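Among the features that Swiss-Prot reports, Na(+) binding site is placed at Gly76, Thr79, with the record citing sequence analysis. Under the heading transmembrane segment, Swiss-Prot lists 1-21, 37-57, 69-89, 99-119.
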Amino acid sequence: MIALIAAVSAGGVAGTLLRFATANWVAAHWPRHFYAGTLAVNLVGCLLIGLLYGLFLHKPLAPIELRAGLIVGFLGGLTTFSSFSLDTVRLMESGQVPLALGYTSISVVGGLLATWAGLSLTRF
């Protein structure tokens, strides 16, 4: 159990640091598009969860520490629904309602498509 907790913790730290670095990079280079960092990590996370889920379906004997460390830890730390929600509210409050609606649509539909694409990549 200690190894499982350590794997999830290490994955969470790595995912969180990558999300933090992405958000800071976007803020420094595209300050008007603050939401782009959240969109990027969420779409990449969706692609990766589909890919990993598909790979682990074909390799059910992969250690639970690896599976949980990557899916629960790393991807849990990388992706964020709360930041997506805050970004959407900020866009709406600043009067950018069409952009907020587009961002929401791209996030949800794009996330579903990315997850499907990741899973599909394991079926070849």
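Glycine is no exception: its Cβ is also placed from the backbone N, Cα and C atoms.
Counting only residues at least six positions away in the same chain, the Cβ atoms of Gly15, Arg19, Val41, Asn42, Gly45, Cys46 sit under 8 Å from the Cβ of Thr79 (Na(+) binding site). Here the transmembrane segment (99-119) sits against the transmembrane segment (37-57); at least 3 CB pairs are under 8 Å, leaving out pairs fewer than 6 apart in sequence.
Less than 8 angstroms from the CB of Gly76 (Na(+) binding site) sit Gly11, Gly12, Gly15, each of them six or more residues away in the same chain.
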